[in-house]
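Q: The structure under discussion is supplied below as structure tokens; questions concerning it will follow.
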Ligand SMILES: Nc1ncnc2c1ncn2[C@@H]1O[C@H](COP(=O)(O)OP(=O)(O)OP(=O)(O)O)[C@@H](O)[C@H]1O
Ligand code: SF4
Ligand SMILES: [Mg+2]
């Protein structure tokens, strides 16, 4: 199981300010489940993913895989990377244009010194990623493939190491609508047949609905609501999630909610509740009973999701308590 | 993509059009078509041939226009009678009609008969053959060093853009790049030859070196150091900057992230992925450099009195030795054109994207 506790990632900006791109995140991803991470552009999803992969140093908190903390040493990191693999958004960029499909998929094996039956393993990974017959793709270059085929090659390159967890950053956002479904169903099939776990990053709640078991909604570096995907999307609690869900077709939220203003800069996170400047409950006066806490008290970090539906909001807490 | 079921389960599926029922089977992977290569080759060879012809033609006229009447040049130190002038004209073949001179020039050049030098009264072909090794030794060594040094530093500079290493090397490189070769050569001579006295001032050999191979080689190597140093110092920054910007172009690419996430160390990501791809756009440049080895560094050869083609060219300008200028111009241009052609052909094999079109 991949676990993150109180994870923080800060970037120093020119002028001495710091951007808190990830600002206290607890997250678990277990094999055999798909967790969606959703939120608007710039909320820190990619930074979180890169940090979970050890591509970005965390400035605080802990990451562990199977109880072993993610070390900074080359050897520990390398062992970790066999277990946790990455799938990027744009398969055209994610593949080296001068490497054949075979080279791209075999690279992971070579890095990790797995030398027995390389062609067999490559063929198997390609087949599992849905490229059949695999041998026909061995000598193809990325530019000779369609977008969907390329993304399958990227996935095969991850699968060949037999990882437990995939981290996929918007895996279908750059693909044609017609092949999105195919790639998503591939992820589902890998989960069901091979027990693969996945963290799928998206800003598309419909996509999260169709593939995820659990969902985490991220706002400005924090997870503000989490739980089983049906519960979160059919009965959203946090005002931010309600606003996101309100614009979906057949939304449980009766009126579309248009949020005021822009996502604030990660270097200027508001005090108290970070969502307050845009919160529709504050604007409408519904949050009046808890307004003091909205302004003065951070609703805090949601603990690891134990399958329960939770939101980081004073108003939600007050209503639940009532 | 034959057996993917549509994703089940959801009141709010997002993929608007359902995947087409008759799904596209895995597209057959295109084979390298030989006819494609044939066409590519013809196109580039044709282009190079046209350029060569233009060079051949223009060389004949350019030097006739700018060098003036050779008889005036050849007789300027002494009074000559009209008869002597006519005899000289006939001897040099300048009394024949222009079209015939042109025809002789074309057929001569194509058969490696480049005519005689006015200055040396010897076949130009022999002059070139004599001097070519010296030039290749100097600029070949300098070019290899400059390319290796420039690429090595440029790679590391670009990979760590803005680091102290980067700033120091870009600064030094550009300073040397903008220094006039002549001036730099003089300084090198002053410091290493005159002041420190550890290297000879000029030329390629010392007169009284024992004739055995080893002594000769050491002597030539000794003479080679300062000109190579100067030449390399002036040109390596060009390769540094090109490689640096080529690396910077690769740095934002996702495939580097993919490679890193698979477990490659930073320097492995650089050397296995970024560098080979960054080298691709520099191939033309390297071939241009190889082509340029023939014309060498005219200024460096002059400063160090290096007996190569560059100093021959400068002498020919001052004389002016029109047939030599004419022949060297064709030679220098042809080597460049052929080098570029070689680069284009090589691209077919090293850049799979070219084969697509
Ligand atoms: N290397 C960096 N240096 C400084 N700031 C950064 C850096 N990387 C990300 N940020 C900042 O961190 C915040 C989160 O960025 P991130 O890319 O993680 O968002 P995202 O949720 O993935 O957005 P998108 O949906 O557009 O991909 C942004 O404010 C961004 O400007
Ligand atoms: S804590 Fe207050 S401001 Fe924040 S989301 Fe809840 S109601 Fe809105
Ligand atoms: Mg992102």
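Cβ coordinates are placed from backbone N, Cα and C, and glycine is handled just like the others.
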Q: Which stretch does TrEMBL mark as transmembrane segment, out of B:22-44, B:45-67?
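A: Here TrEMBL associates transmembrane segment with the stretch B:45-67.
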Q: Can you dig out which of the ranges B:93-119, B:174-200 TrEMBL describes as transmembrane segment?
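A: My reading of TrEMBL: the transmembrane segment range is B:174-200.
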Q: Can at least 3 Cβ pairs under 8 A be found between the transmembrane segment (B:45-67) and the transmembrane segment (B:324-350), with each pair 6 or more apart in sequence?
A: yes
